[in-house]
Amino acid sequence: MKKIAVLTSGGDSPGMNAAVRAVVRTAIYNEIEVYGVYHGYQGLLNDDIHKLELGSVGDTIQRGGTFLYSARCPEFKEQEVRKVAIENLRKRGIEGLVVIGGDGSYRGAQRISEECKEIQTIGIPGTIDNDINGTDFTIGFDTALNTIIGLVDKIRDTASSHARTFIIEAMGRDCGDLALWAGLSVGAETIVVPEVKTDIKEIADKIEQGIKRGKKHSIVLVAEGCMTAQDCQKELSQYINVDNRVSVLGHVQRGGSPTGADRVLASRLGGYAVDLLMQGETAKGVGIKNNKIVATSFDEIFDGKDHKFDYSLYELANKLSI
């Protein structure tokens, strides 16, 4: 292994820079040249590929986002388009590609490894949604979780001041982990997630029971993959008449300096990705399972169901929110 490349793809997440840094420095430590692909798979097509040095990743571990930039590239699903990308790697003698991103990013990496045996590919899970099989946690999840906690804590201050119910929408796509973990952490009265059937009347009854016991305000935390906060508000109004407001947290959840947990995870996964390439491994995603760094084939990741919603945590949150 003489030359490798690294790119970030899909939605950005805090800790991506730390992962790139780990890839670059582990490779250079092992006398491997490293190239950065700017703007994700689009950069592969546009030949936006540049050599990275030790200094290229200096002062990046604490930065959110990705200095390599990211972009959606739906045309990468077409084989003729991928041929251009593969040729741009081959002409530089690049033998390994590390892809940091989510499920779609992994699928692009798998296609490259299938269509060009000369290029090994390894995926690193970078997304705030925590929705990738083969790992307990994705890079960016912990930072986004802490961002949500900070925001909801502030919203609770104003909710209590005005005796209001706030319906707050968190990101997560089709995975309820962010809403679940944040909801437990902030003491939300109700958590609405895609993994659990939503009964709006039950939510209304719970809020009403709280009011009867003297509660002055409530927090309803909604995962975007289940319903919008506005829809939740509209349906709730059919069963209960309380002063309420909607707050959609939005893209602020993707930003910010990564937490220590995300920096450590990104560093461990980035270093291990290079180790795997040096061992001749390909078409695998790295992850953390039971605090151990592991590698799982892309096929297993796409077919697997090992990243399960924690129903016991959901039940605990329900018990504690009475």
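Using N, Cα and C of the backbone, Cβ positions are placed for all residues, glycine too.
Feature annotation from Swiss-Prot assigns ATP binding site to GLY11, ARG72, CYS73, GLY102, ASP103, GLY104, SER105. Here Swiss-Prot flags ARG21, ALA22, VAL23, VAL24, ARG25, ARG156, GLY187, ALA188, GLU189, ARG213, LYS215, LYS216, HIS217 as ADP binding site, drawing on sequence analysis. The Mg(2+) binding site annotation in Swiss-Prot covers ASP103, and the record cites sequence analysis as its basis. Taken from Swiss-Prot, the feature substrate binding site covers THR127, ILE128, ASP129, ARG164, MET171, GLY172, ARG173, GLU224, ARG245, HIS251, VAL252, GLN253, ARG254. According to Swiss-Prot, the active site, proton acceptor annotation covers ASP129, on the basis of sequence analysis.
The structure, with features from Swiss-Prot marked on it.
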| residue | record | contacts (Cβ under 8 Å, 6+ apart) |
| --- | --- | --- |
| ARG21 | ADP binding site | VAL57, THR60, ILE61, ALA266, SER267, GLY270 |
| ARG72 | ATP binding site | GLY10, GLY40, GLN42 |
| CYS73 | ATP binding site | SER9, GLY40, TYR41, GLN42, LEU45, GLY108 |
| ASP103 | ATP binding site | ASP131, ILE132, ILE301, PHE302 |
| SER105 | ATP binding site | SER9, GLY10, GLY40, TYR41, VAL99, GLY123, GLY126 |
| ASP129 | substrate binding site | GLY11, GLY102, THR138, PHE141, MET171, GLY172, ARG173, CYS175, ASP177, LEU178 |
| HIS217 | ADP binding site | ARG156, ALA159, SER160, HIS162, ALA163, ARG164, THR165, PHE166 |
| VAL252 | substrate binding site | THR147, LEU151 |
| ARG254 | substrate binding site | GLY11, ASP12, SER13, PRO14, GLY64, ILE128, GLY140, ALA144, MET171 |
| query | Are there residues of the same chain, six or more positions away from GLY104 (ATP binding site), whose CB falls under 8 angstroms from its CB, and which are they? | reply | SER9, GLY10
| So how many other Cβ atoms are close to THR127 (substrate binding site), meaning within 10 Å of its Cβ? | 28
| For the binding-site residues ARG173, LYS215, which Cβ has the most other Cβ atoms within 10 Å, all shown protein chains included? | ARG173
| query | THR127 (substrate binding site): which of the binding-site residues VAL23, ARG25, GLY187 is the nearest Cα neighbour? | reply | VAL23
| task | Ten-angstrom check, please: count other Cβ atoms within 10 Å of the Cβ of GLY102 (ATP binding site), all chains counted. | result | 23
| note | Taking every pair from THR127, ILE128, ASP129, ARG164, MET171, GLY172, ARG173, GLU224, ARG245, HIS251, VAL252, GLN253, ARG254 (the record's substrate binders), the biggest C-alpha distance in Å rounds to 33
| In Å, rounded, how far does the Cα of GLY187 (ADP binding site) sit from the Cα of ARG245 (substrate binding site)? | 18
